[in-house]
Amino acid sequence: YTLQNNLQYVAISNLPAATFQVTYQLKILTTALFSVLMLRKSLSRVQWVSLLLLFAGVAIVQVQQEGNKEASVANASNQNYTVGLVAVVVSCLSSGFAGVYFEKILKGSSASVWMRNVQLGIFGTALGLLGMWWNDGAAIAKRGFLFGYTNMVWCVIFNQAFGGLLVAVVVKYADNILKGFATSFSIIVSTVTSIYLFGFHVDLLFTAGAGLVIGAVYMYSLPKAPGGSLGHGLSSSSSASPSPPKTEGGGEMEAFLPKSVLVK
């Protein structure tokens, strides 16, 4: 999770926000694949089709971005598209593996999800501090730990913290279809915001690719036919189910929500 957190910032620093948001949905694909391999979960045909559509949609967006790379470099010379793309792909891989492995740990032990999250927080903080000291130790010693913490930085910190808490609420009170719509809405908001703030150009290829991704997210969120077992990311079929979600911090929420810290 620490690796994923840092790679997200590397990716968003080198990619347009809308492109990052669309490409980052590959974590649904990686989570599903790790879930099948590590937890032996089964996916419905609709879910497999949705994963193929998801991959196709992301690929179309990348083709569109390759075509606009020269213009992007001219407008943002400090961005490296290749670095951003590699960062988001590795982040998706770590997201899928971490979410599924965390779910496996939860189901294989008697410890509560809260205790496991405390353990995650301790190790994550230690690794984060080590990375901070390695990269910025000299600058921190000279200027102080809080140097450069502008109002925008504090807003990002509190947004991440609030989002981490909101994950548990969403998983408990909302169903997977609603989570799919939330993800789709976030892609639309990111695209519209990028157009107004950064002059992001939306053409037919990007629209088609983003549309495929949004449709794939919605399809993956659909419950199976009555009597069928639900695949990964669908362990609670609806908010009317009498039993609570199996893993409040596991791979299910990780597949649909952009937060890398599950429950804070």
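Using N, Cα and C of the backbone, Cβ positions are placed for all residues, glycine too.
Residues annotated as region 'Disordered' in TrEMBL: 233-264.
Taken from TrEMBL, the feature transmembrane segment covers 22-39 (among others). Remote same-chain partners of the transmembrane segment (22-39), defined as residues 6 or more beyond its termini with a Cβ less than 8 Å from a stretch Cβ, comprise 8, 11, 15, 47, 51, 54-55, 57-58, 61-62, 85, 88-89, 91-93, 95-97, 99-101, 103-104, 183, 187, 209-210, 213, 216-217, 220, 231-233, 251, 254-256, 258.
Residues 19, 22-23, 25-26, 28-29, 32, 85, 205-206, 208-213, 215-217, 219-220, 222, 224, 231 of the same chain, all 6+ positions outside the transmembrane segment (46-63), place their C-beta atoms under 8 angstroms from a C-beta of that stretch. Residues annotated as transmembrane segment in TrEMBL: 46-63 (among others).
According to TrEMBL, the transmembrane segment annotation covers 83-102 (among others).
According to TrEMBL, the transmembrane segment annotation covers 114-134 (among others).
According to TrEMBL, the transmembrane segment annotation covers 146-171 (among others).
Positions annotated as transmembrane segment by TrEMBL: 178-198 (among others).
Sequence annotations record features per position, and here TrEMBL assigns transmembrane segment to 204-222 (among others).
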